[in-house]
DNA sequence: TATGCGTAGT
């Protein structure tokens, strides 16, 4: 085989890889009679181009020999999946002289993962910088929305080309400063098609589609990316017909064109049209299929989403995470977990061999690297953990939090927030505290997201002082923080403090929202601050422009009801300008039971059953009301009604944390080892209560 | 003559 022939094969592989036919490219690679070093690099580069990192690394591992191109590629692979430490380790241990491209790959890796400071360090260390180095560093500032720094850097750059200018335009677009973006665009000495596309898609993304179209019409030359940009622009602005028109007109389409159009249809809810396009798409790629999947998921059509998912040839982590999030959203955690477990794990290829080559006496590092490998990313973990929390499976959320730590994945603010929320809901104070410590160790001491979750966790665990402490430590509390602490005060019986905090918040210039009012009104209710509660309720619409929801009415009905002003409560309820819900009637019923108003109680209980026909406790309440009134016929009719509706009693469940162990109790389930003790203690307590003159309501 | 690494656009 002549060398010339191999070069032809290599070119073919490259063309296939860059035109949505990565599998065909691989077939060529496997079939070619003679492979040289460039063939291997081309194939790896093809995988990288198609975001198939594990395939790329697998091939790298098998290479008979490697050159600087190979090393640079694999460094880029690792930075692409956020494995900076691994990339840097390779960069430091390179067996040959580093090329500028190699340095640039490492700097770009830091930049893409938000490590501008590390990027700058390497930039400063670099012996000889080329134009790409300068542009890469500039992109560090523009991509992290540091346009002040970017401008300074740009002005003192030793050399510039059209890429430098395009970066500046893009940076201004990202921060929404379209005037500066256009100013730079205008000043570009020789704008190329990228400059035009950057500017036009900037307009489109900032809802200035007419200006975008004007630029598109004025462009001196248009390539497929330009067409894709204007089509995506129309889609983003919900002008789907215009998008489709251009899609039909465009001279050539690539997978991004199809994906943009499918996405467009998905966004406006036209799933059938989207599906039609996907069927017509010549070489389906994972991005288009994933767009279709999320369309189905948004419309609660999980089965169809799954069918598409099953068809994907090479699933990437985004596809996996999308389908998992779909099952989470529809509450099917079993399937979510099943898929999560099916996600590809460590590659069978001997990473060890590869790493051993480097490790040479540094096996601890090699081992750590090995342990970090795996296809599941942080998004997968977070999706699952927050899914458990959202679906009330708090123990599972905590269990997976632990598993994640065991696999060496570092939690981020989302993981911490979900974990803390799980603790809050089962009052797991000790575990909550541990997660608090862990979050501090991971650098989230004053993180807003984590802080807000901490406030709620400590509040719900009855540690209001710790909640206040967290509140004071957060850098720049937002509305959520204030709401969380006000609700915390309310929950722990500190009505006056809640109202005081509410006033303080208004003085600070924050506008309360509906959540704030639920918190502060319920604080008033529980602290018996009747006049204050009524005044606050009135102020909602009059001073704060917040429309009361049924929840707010429920608070006031509760407030009046507890104070014995039942008739007022009832009048307020039936005069509500919005639809009442179970909560409002439930509040009235509660008050009727305290004040033994059977007449009104019956009305409320009947309404409750109407609203929640499947909830057993409502029937029990209604039955009790009738029993108390001595209407035994009615009691019987409730029993029949329950049977007719097929209402099944849901067993109650509660948790308690003892010495870091969470114990779960299911009513009528005697498998808990200490059930007998618990029941005996309970009996004793009830006896004490009775003796002190309190009649517990144990219905 | 021809192929592979690092910076900008969908």
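Just so you know, glycine gets a Cβ as well, placed from its N, Cα and C.
What TrEMBL says about this protein:
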REPEAT    A:5-39  repeat 'PPR'
REPEAT    A:99-129  repeat 'PPR'
REPEAT    A:130-164  repeat 'PPR'
REPEAT    A:192-222  repeat 'PPR'
REPEAT    A:223-257  repeat 'PPR'
REPEAT    A:316-350  repeat 'PPR'
REPEAT    A:377-411  repeat 'PPR'
REPEAT    A:478-512  repeat 'PPR'
REPEAT    A:513-547  repeat 'PPR'
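Taking H, G and I as helix, E and B as strand and the rest as coil, DSSP gives the repeat 'PPR' (A:192-222) the counts 23 helix, 0 strand, 8 coil. Outside the repeat 'PPR' (A:99-129), and at least 6 residues removed from its termini, the chain residues within Cβ reach (under 8 Å) are 68, 71-72, 75-76, 78-80, 82, 84, 87-88, 91, 136-137, 139-141, 143-144, 146, 158. If you look at the repeat 'PPR' (A:478-512), the same-chain residues 6 or more away from its ends with a CB under 8 A from one of its CBs are 448, 451-452, 455-456, 458-460, 462, 464, 467-468, 471, 518-520, 522-524, 526-529, 532, 536, 544, 546.
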